[in-house]
Every structure is written in structure tokens, then in C-alpha cells.
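Chemist: So TrEMBL lists the following for this protein:
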type     : residues                                            : note
BINDING  : Ala24, Val25, Asn29, Ser253, Asn285, Leu404, Ser408 : Na(+) binding site
TRANSMEM : 12-31                                               : transmembrane segment
TRANSMEM : 43-63                                               : transmembrane segment
TRANSMEM : 84-106                                              : transmembrane segment
TRANSMEM : 168-187                                             : transmembrane segment
TRANSMEM : 199-223                                             : transmembrane segment
TRANSMEM : 243-267                                             : transmembrane segment
TRANSMEM : 279-300                                             : transmembrane segment
TRANSMEM : 395-417                                             : transmembrane segment
TRANSMEM : 438-459                                             : transmembrane segment
TRANSMEM : 465-488                                             : transmembrane segment
TRANSMEM : 509-528                                             : transmembrane segment
TRANSMEM : 556-581                                             : transmembrane segment
Amino acid sequence: MGKDAARAEWDNPMQFVLACVSYAVGLGNVWRFPYLCQMHGGGGFLIPYMLMLVLLGVPLFYMELAIGQKMRLGSIGAWRAISPYLGGVGLASVVTSMYLCLYYNVINAWSFWYIFHSFQSVLPWAECPVNSNKTGPVEECERATPTQYFFYRETLDISGSIEENGGIHMGQALCLLLAWIIVYLFIVKGVKSTGKVVYFTATFPYLVLIIYLIRGVTLHGAINGVKYMFTPKMEQLAKPTTWINAATQIFFSLGLGFGSLIAFASYNQYNNNFEKQAIVVSMVNSSTSIFASIVTFSIYGFKATFNYESCLERVRLLLLNTFDLAEDTISLENVNHWIAELNRTHPEQFASLGGRLETCDLEAELDTAVEGTGLAFIVYSEAIKNMPVSQLWSVLYFIMLLLLGMGSMLGNVIAVITPLSDLKIISRYMSTKTLNGLVCLFCLLLGLGFTTRSGNYWFTMFNDYGATFSLLFIVLIEVITVCYIYGIKRFEKDVEDMLGHRLNWYWKIMLAGVSPILLIALFIFYIVNYIQGGTPTYQAWNKELGKSVVTEYPPYAQAFIGLLLASSVCCIPLTALYTYCKKRNLASGKRERTVSTVSA
């Protein structure tokens with residue numbers, strides 16, 4: 001077991017490392033980690049983050065690579081080889097990866113949409129479009145912002161709630177088709193074609209990040225954002241949520257539990273040094289998060305400073321016009337001084353300003369925390385539109401997003417395809433190209449649902465509930481299985497067989513003790529948090545207000561959430577029960593045949 005010479009392999013270890021980097025370094029590094037830094041104390045968040053990397057991330061990453069390389073099978077076959085009762089662990093990973101495949105490529109479709117719209121003399125999200133009467137801007141855009149309007153109305157054509165259905169957005173559907181065609185071309189020949197693609201998908205985003213870093217730190221006000229990031233707020237370390245979010249970010253950023261790492265490692269040579277590679281990829285992933293945050297916060301600083309100074313300019317003009325002062329009397333530097341002075345000397349006239357006098361606060365601008373698609377497609381777009389040669393920066397940014405998304409998609413699809421291709425009934429009658437094409441076509445057809453007017457709400461539901469609960473449970477079962485069912489000593493011998501040396505004390509302590517305890521704590525926290533959260537809610541776009549409003553999911557959507565949470569997890573006990581019943585039936589059949597033979 002574990003030395004299948006006929007199995008396809010990476011051309012060299014570098015391809016495997018780049019595939020892991022391309023998969024692990026994804027959109028979460030750009031839009032999730034900076035948000036967590038912003039929420040949990042800036043530079044102080046790096047303390048729990050790096051600690052959780054050592055205690056949880058690296059050991060579990062190491063474990064999955066070891067399993068894949070030893071068994072040389074996808075997730076289903078690998079866990080079934082450990083125990084016939086554990087095939088459901090691999091099946092649960094496949095189901096979870098399938099959910100991710102359905103909606104994740106929609107983000108790549110959005111990236112294509114923004115790239116295509118960047119080749120215009122004026123970026124379409126830079127200003128509001130004119131209404132049908134040609135009398136002024138569209139009202140919905142005036143109530144919101146041009147960037148919000150372009151995302152919610154032009155890109156998504158979003159409905160007012162999940163209950164308001166509508167037709168497919170043809171532009172988005174075509175972009176999604178293009179995204180799936182590219183994914184298919186990347187994986188068409190299996191690991192042989194993927195191994196070539198990752199040289200580009202793993203490295204080009206770093207080139208764009210470096211270019212953006214150079215541009216970002218030279219923007220006016222960028223230093224305000226970078227200072228904000230690295231100024232630690234140590235009081236945040238006393239909050240349990242800071243540590244929990246650090247652990248979950250490490251967990252999901254490395255892509256644990258999906259089966260992708262097991263699939264990637266199954267194409268390694270048997271004696272490949274996966275230990276060194278596990279450490280390198282984990283460190284590269286976390287370093288990228290920090291590096292991307294510096295870029296993001298420099299952009300944040302520019303945007304916040306631009307908004308802050310725009311606010312000051314509006315206040316300056318208001319004071320000049322109200323009190324009939326000379327143009328050069330008030331500057332941006334002394335606005336606050338003049339507010340206090342005019343309030344003291346002309347209290348009645350100052351009071352008449354009422355709600356027209358804005359409060360300008362740079363710190364409040366920097367404190368505005370946004371994550372996910374809001375950060376990637378709205379906040380960044382708003383910053384880009386104010387840059388010189390904004391079209392160039394827009395194309396570069398969205399190409400980077402696209403490649404980060406495509407790199408992760410390769411891992412997601414391979415996590416589904418590898419276990420299926422390992423099944424004899426499929427490999428016997430279907431070529432690799434055909435299987436890959438059918439999986440991509442299946443995901444495309446179901447993914448079209450996310451391009452409807454209410455599709456973004458279903459996208460949010462899958463993103464929030466499709467993987468979190470199941471992945472925590474899957475990886476908890478994995479580490480308990482390896483250490484306490486398969487046995488840490490057997491695992492140690494397998495590692496020695498592959499690497500030529502035994503597990504050191506760090507791997508043993510982490511895998512057998514620390515990592516399971518942390519996973520159990522995270523699992524309990526997730527369940528308690530879900531129960532205490534009450535009725536699940538989502539952000540529904542209200543075009544009358546020009547903003548998102550919190551709305552409860554309808555009963556049928558809540559039932560679907562329950563199905564999402566349970567469907568992948570149920571694979572584990574149901575498969576074990578099926579295996580048990582099958583074995584018992586075989587055993588009883590043997591006994592009956594034995595009795596019949598003796599009687600005869």
C-alpha cells in the first residue's frame with residue numbers, strides 16, 4: 001500500500017509546492033485577513049495569528065500531506081484505506097469541495113466582469129449614470145455611491161430580497177461560462193496540465209502585489225493606513241473572539257479538510273520531503289497575508305485620507321459661505337480651529353448650520369471595517385477610481401483577484417475529481433478529460449443559479465454555511481483517526497518509511513494533544529455561536545435607501561441552511577453504518593453457506 005507506480009506524478013517537487021501555494025494563497029488573504037487585523041487590534045492580532053499557525057495550522061497541514069503521499073489516493077480512497085468505516089470522511093470532503101466549486105467560480109466571473117469594464121475612458125463605477133429622462137443621476141446611485149451602484153445594480157442586478165426571484169443576468173452567465181472553460185483547460189490533462197499552470201497562478205499575484213505595494217505606499221495618506229495596521233491595541237488580546245478568529249483564519253486559509261491537500265500530495269513521489277514543504281507553504285501563506293495587508297492598509301489610508309480631506313473641504317466651504325469669509329481665511333489644516341472659534345464668537349449663526357455641519361474624523365474612516373466582496377469589489381474600486389491612470393490599476397488588481405481565485409479553484413476541483421477518478425467503476429469507462437469536463441459542466445449548470453437576481457443571497461448562504469461547520473468536524477475526525485484509531489505509532493512508522501526519520505516531539509505533541517483540543521474548542525464555539533445567533537440573517541440590498549439592511553432568512557431558506565450544515569457531515573456516520581451493515585450481511589451469508597455445506 002502507498003507505492004502505486006502507475007499513478008501520475010508532479011514533474012518535480014517545485015510544481016507540488018507551487019500548487020499548494022496557489023491553492024492556499026487565495027482571496028481570503030486579500031479580503032479576510034486585513035479585516036481581522038482591523039477588527040482585532042492591528043499589529044496585536046499577529047500574536048494570536050502566528051501562535052495558532054504553530055499550534056494548529058502547520059501540524060494539520062503536515063498530517064494531510066503525509067496521508068495523501070502515503071496512500072497515493074484521493075480523500076475517499078485514502079481514508080477508506082485507513083479503515084473501511086472512514087470512507088465517509090473523504091466523501092464529506094468531496095461534498096464540501098463540491099459546494100465550494102458551485103459558488104467560488106462566481107467570484108472569478110465578477111473579476112472578469114470588472115476587467116472587461118475597466119477598458120473605458122472613465123471607469124463605470126467612478127460616477128453615477130444619467131437617468132432615463134437625462135435630467136440627473138439615477139436616484140438609486142445618488143442614495144448609495146457609484147461603486148456600490150455598479151456592484152449591486154450593474155454587476156448583480158440584485159433583487160430586494162432572497163424571495164424576489166428573477167431571470168439570469170446574461171453578462172454574468174457568460175463570464176461564469178468563461179471562468180469554467182478556463183478551469184477546464186487548466187485541469188484537462190489532470191496533474192500534468194495543472195503542474196504547468198501553477199507556475200503562473202502562484203507567482204503572478206505576487207508581482208501585482210509588489211507593484212501595488214510600490215504604488216500604494218506612494219499614495220497621499222497611505223502612511224496613515226500602514227500606521228493604523230501596525231499600531232497594536234493589546235486590549236483586544238483579552239477577548240476570546242480575537243483568538244478564535246485567528247484560529248479559524250489559519251484553518252481556512254490553509255485549505256484544511258477539503259481533500260485538496262490529500263489529492264495534491266497523492267501525486268508526489270513516495271519519498272518526497274513533504275515535511276519541509278508543509279512548513280514552507282504554511283509560512284508563505286501567512287507571510288502573504290501580512291504582505292497583502294500592508295498593501296491593503298496603504299490603500300485604506302489613501303481612501304480614508306481622501307474621504308477625510310473631502311469632508312474637511314466641504315466643511316471649509318460651508319463656513320466660508322455662511323460667515324462670508326475670505327477664500328484664504330480657512331484652510332484644511334485649521335478647519336477645526338475655525339469651527340471652535342466661530343462657535344464661540346457667533347453661537348446663534350453657528351447653531352443655524354444644524355445637520356449641515358459634518359463631523360470629519362480620520363480615525364473613524366480607518367475604523368470602518370469591511371470584508372469579503374465589499375472590500376474586494378467596492379472599497380478597492382472606490383480607491384482605484386481616485387488614482388491617476390485608474391484603468392491600469394483596475395485591470396492589474398482584478399487580474400490579480402482572478403488568478404488568486406483560479407489558483408484556489410484548481411485545488412477545489414481536483415479535490416472532487418481525484419477521489420472520483422480513483423473509483424474503478426469510473427476510471428474503467430471514462431477518460432480523465434471526460435470526467436473533468438462532466439464535473440465542470442455540472443458545476444457550471446448549478447452555478448448559473450448564482451447569476452440570477454437573487455443569486456447573490458444564495459451565494460452568501462453557501463459562503464456562510466456551506467463549509468465552516470463541516471470542515472471543523474471533518475478535520476477533527478481526521479486528527480482523532482490518525483492519532484487514536486490508526487495510531488500515532490503506525491503513523492510515525494509511515495513517516496519514517498517515507499522520509500527516513502521518525503516524527504519529532506513537536507509533531508507528536510501538536511497532533512496528539514494540542515490540535516485536537518483547539519479543534520474541539522472551535523467546534524463548540526461555532527455551535528454555541530450559531531445557537532445564540534438566533535434566526536439566521538443576511539444583508540438585503542434596499543434600493544430606496546441605497547444601502548444593505550439586515551433581513552431574516554425565510555423558513556425555506558433556513559431549512560436549506562440546515563441541509564447545507566448537515567449534508568456533508570452526515571456522510572461520515574451514514575457511510576460507517578452502510579459499511580457495518582454490508583459486512584454483517586456478508587458475514588451472515590458466509591455462515592449460512594457454511595451451515596448448508598455441513599448439512600449436505
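Glycine too: its Cβ is placed from the backbone N, Cα and C atoms.
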Chemist: Setting Ala24, Val25, Asn29, Ser253, Asn285, Leu404, Ser408 aside, what same-chain residues sit with their Cβ within 8 Å of the center of the Cβ atoms that define the Na(+) site, listed in sequence order?
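Modeler: The answer, listed by sequence position, is Val21, Tyr23, Gly26, Leu27, Gly28, Gly255, Thr288, Ser289, Gly407.
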Chemist: Can you tell me which recorded stretch out of 84-106, 243-267, 438-459, 465-488 has the most Cβ pairs within less than 8 Å of the transmembrane segment (12-31)?
Modeler: 243-267
Chemist: Looking at 84-106, 243-267, 465-488, which one has the highest count of Cβ pairs under 8 angstroms to the transmembrane segment (279-300)?
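Modeler: The listed stretch sharing the most Cβ pairs with the transmembrane segment (279-300) is 243-267.
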Chemist: The transmembrane segment (243-267): which same-chain residues, six or more beyond its ends, come within Cβ distance under 8 Å?
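Modeler: Long-range Cβ neighbours of the transmembrane segment (243-267): 7-10, 16, 19-20, 23-24, 26, 28-29, 32-33, 36, 39-40, 45, 48-49, 51-53, 56-57, 60-61, 64-69, 71-75, 78, 90, 93-94, 96-97, 100, 191, 237, 274, 281-282, 285-286, 289, 408, 411-412, 414-415, 417-419, 467-468, 470-472, 474-475, 478, 518, 522, 525.
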Chemist: Which residues, given as numbers and ranges, are at least 6 beyond the ends of the transmembrane segment (395-417) yet have a Cβ under 8 Å from it?
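Modeler: Residues packing against the transmembrane segment (395-417) from afar: 19, 22-27, 29-30, 74-75, 93-94, 97-98, 100-101, 104-105, 107-108, 111-112, 114-115, 118-119, 179, 182-183, 186-187, 190, 194, 197-198, 200-202, 204-205, 208-209, 211-212, 255, 258-264, 376, 380, 384, 435-436, 439-440, 443.
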Chemist: Sequence gap of 6 or more, C-beta under 8 Å: which same-chain residues meet both conditions with respect to Asn29 (Na(+) binding site)?
Modeler: Ser253, Asn285, Thr288, Ser289, Ala292, Leu404
Chemist: If we call contact 3 or more Cβ pairs under 8 Å (sequence gap 6 or more), are the transmembrane segment (43-63) and the transmembrane segment (199-223) touching?
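Modeler: No, since the transmembrane segment (43-63) and the transmembrane segment (199-223) share fewer than 3 Cβ pairs closer than 8 Å, they do not count as touching.
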Chemist: What residues elsewhere in the chain lie close to the transmembrane segment (465-488), defined as a C-beta under 8 angstroms and at least 6 residues from its ends?
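Modeler: Answer is 60, 63-64, 67, 79, 82-83, 86, 89, 92-93, 95-96, 99-100, 103, 248, 251-252, 256-258, 503, 508, 511-512, 515-516, 519-520, 522-523, 526-527, 530, 536, 561, 564-565, 568-569, 572.
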Chemist: Between 84-106, 168-187, 556-581, who has the most Cβ pairs under 8 Å to the transmembrane segment (438-459)?
Modeler: 168-187
Chemist: Which residues does Val25 (Na(+) binding site) neighbour through Cβ under 8 Å, counting only same-chain ones at least six apart?
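Modeler: Set apart from Val25 (Na(+) binding site) by at least 6 residues yet with Cβ under 8 Å, we have Ala202, Pro205, Val284, Asn285, Thr288, Leu404, Gly407.
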Chemist: Leu404 (Na(+) binding site) has how many other Cβ neighbours within 10 Å of its own Cβ?
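Modeler: Step by step: centre on the Cβ of Leu404 (Na(+) binding site), count other Cβ atoms within 10 Å, giving 30.
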